[in-house]
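**Q** So that we are looking at the same thing, I have put the structure below in structure tokens.
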Amino acid sequence: MIRAHTVAAVREAEAPRLTAGEPLMARAAFALATRVAAELRERGHRVSGSVVLLLVGGGNNGGDALFAGTHLARRGCQVHAALLGERPPAAGLAAARAAGVRVHEVLAAPDVPGAVVALARAAGVWVDGLTGIGARGPLRAPLTAVVGALAAEKAASPDEPVVVAVDVPSGIGVDDGALPGPVLPADVTVTMGTAKPGLLLPPAAAVAGRVEVVDLGLDGDLAAAAPAVCRLAPADVADLWPVPGPADQKYTRGVLGVVAGSQAFPGAAVLAVAGAVGAGLGMVRYRGPEVPTGLVHARHPEVVAAPGRVQAWVIGSGIDPDDAARTQAMEESLAAALAARLPVALDAGGLSLVHDDGHPDLPATVVLTPHAGELATLLTARGEEVTRADVEAAPARHARLAAEITGATVLLKGAATVVAAPDGPLYAQADATPWLATAGAGDVLAGVLGALLAGYGDAIAADEEGRLTALPARLAAAAALVHGRAARRAAGQGPDGSGPGAPITAQDVAAALPGAVGALLR
Ligand SMILES: NC(=O)C1=CN([C@@H]2O[C@H](COP(=O)(O)OP(=O)(O)OC[C@H]3O[C@@H](n4cnc5c(N)ncnc54)[C@H](O)[C@@H]3O)[C@@H](O)[C@H]2O)[C@H](O)CC1
Ligand SMILES: [K+]
């Protein structure tokens, strides 16, 4: 699991070590130089003779870059430093000059962006040491124009140069993942001491590239600080996955009630059920009208269409809130779940059940699964004037707001999936593939989540002391990881999303679930 800590937590952890004179910056700079050299070699370049441009801000972020440039110059790189801060870090500057780094006072140039771009065009590596955790707000002039020009250069030639961000790409919202202004997208971010929330949270996570965490010896100090954002890795999901044992039978593995699909949208019932059975569980009880029931049985004859005991519910996929009969069925199953303290995945039309305060203070065992538009509609219905664009610009903030308003756990779907509960860390999962943006994918995800909730349903229902309140959020993040990995598998991509992939349908994703789960458990 990747844990990300806020600027305040990092400062608090660093302070005693800095006071004690620990050489944190030296460690940081050496690790940064080592990564730059590795990136050069991995691209088939010799380190010695390679041209490296340091973009140097006025604080210690720039200091990291300058000291790293010192190491690189000593390894034979031709290193140029473009000074873009009013007061460049003196110690770093002196060390760089002593090592032969060529220093450019570009702020004195009549055309600052032009001067930087001229240096950049001659370099194979750009080291972004403009701002790190000391940034306040969107980048200010002249960095705005400089970064805008460099981003345009980089967009025109994506393969070369390689952009290495120091600690964070300059200009992102370090604690919230916002993109308040121009940012230079990085191929690699070498982040110091611990990951930062903005490297995991959308939209900024999309410009961080591969994130490498440098161990500065802060883990002990940071362990005391609860992480602000977590990202589950496959191993964490494997530890969570309900794997049956010799004593299990279908009722102990978990039975899932599915209220999805309608005469108008019967396919969603098939897809939600396919997601659940593909993820693996004891049994599905499907509740719906004749047409979807027939389709479900045609694809999944093992599904039971009779009422009975369940350990979790999926409610809402493929249901139009204007469909009175189906809305009544949704209300009844939600009421039954709440009365029995069972976990629920509320998807699509099911979200309309929380558009008013008819269910005040939902427990965190209810997991809402909106996309950005549905979350905007929900928040607006609950009195927060919010548009889809607002949600997409700050997904984590809006997911947490919805969790606080409703009391439920919120899984906000998107290119990266954010999970927020009223308390505890955010989760940010980036396991999907753009090929997953296809009709019905959300229905399958609701089924995967339902299967996981059913696997833990009895334990959650019996959890009188609230020891498991953090579990639904973690299960939701796990469902997002497996759903994304199954989509990559179905698209013919690697587990890391590598490769071009190919068109997939929601059913392809469901069919790939058993293989994706098996790959996790190996
Ligand atoms: N604490 C340590 O010793 C270590 C820090 N590491 C590195 O240092 C930075 C944090 O350094 P700090 O000096 O606190 O701030 P920054 O360099 O990130 O930024 C301050 C710098 O940027 C200017 N600035 C602030 N906001 C803006 C803006 N919106 N637009 C333009 N310029 C802005 C400000 O004026 C200053 O000049 C951390 O990220 C690490 O890289 C070491 O790695 C570990 C030890
Ligand atoms: K930076």
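Quick reminder: no glycine exception, Cβ is built from N, Cα and C everywhere.
The shown structure was predicted, so the numbers you read here are calculated from the model rather than taken from an experiment.
Pulled these from TrEMBL:
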- 60-64, 132-138, ASP167, ALA268, GLY318, HIS371, ASP443: (6S)-NADPHX binding site (BINDING)
- ASN61, ASP128, SER170: K(+) binding site (BINDING)
- LYS413, GLY414, ALA415, ALA416, THR417, GLY442: AMP binding site (BINDING)
- 2-224: domain 'YjeF N-terminal' (DOMAIN)
- 233-520: domain 'YjeF C-terminal' (DOMAIN)
**Q** If you count Cβ atoms within 10 Å of the Cβ of THR417 (AMP binding site), leaving out that atom itself, what do you get?
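**A** That number is 26.
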**Q** What's the most sparsely packed of the binding-site residues ARG136, HIS371, LYS413, counting other C-beta atoms within 10 A?
**A** ARG136
**Q** For the AMP site made of LYS413, GLY414, ALA415, ALA416, THR417, GLY442, how many Å separate the two farthest Cα atoms?
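**A** Largest Cα to Cα distance for the AMP-binding set is 14 Å.
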**Q** What subset of the binding-site residues ILE133, HIS371, LYS413 lies within 10 angstroms of SER170 (K(+) binding site) at the C-alpha level?
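**A** Checking Cα-Cα distances against SER170 (K(+) binding site), the binding-site residues within 10 Å turn out to be ILE133.
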**Q** Hey, for the K(+) site built from ASN61, ASP128, SER170, who else sits with CB inside 8 A of the CB center?
**A** LEU55, GLY57, GLY62, ALA65, GLY129, LEU130, THR131, GLY132, ALA165, VAL166, ASP167, VAL168, PRO169, GLY171, LEU184
**Q** Filter the binding-site residues ASP128, ILE133, GLY414, ALA415, THR417 down to those with CB closer than 6 A to an atom of ligand 1; keep them in sequence order.
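**A** Listed by sequence, the hits are ILE133.
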**Q** Roughly how many Å separate the Cα of ASN61 (K(+) binding site) from that of ASP167 ((6S)-NADPHX binding site), to the nearest whole number?
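**A** Their Cα atoms are separated by 7 Å.
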**Q** Provide the three-state secondary structure of THR417 (AMP binding site) computed with DSSP.
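**A** Note: THR417 (AMP binding site) is in a strand by DSSP.
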**Q** Which binding-site residues from the set ASN60, ARG136, ALA415, ALA416, GLY442 have a C-beta atom lying less than 6 Å away from ligand 2?
**A** none
**Q** Please work out the mean pLDDT for the residues of the domain 'YjeF N-terminal' (2-224).
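**A** PLDDT averaged over the stretch: 95.
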**Q** Give the helix, strand or coil assignment DSSP yields for ASN60 ((6S)-NADPHX binding site).
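**A** Reduced to three states, the DSSP call for ASN60 ((6S)-NADPHX binding site) is helix.
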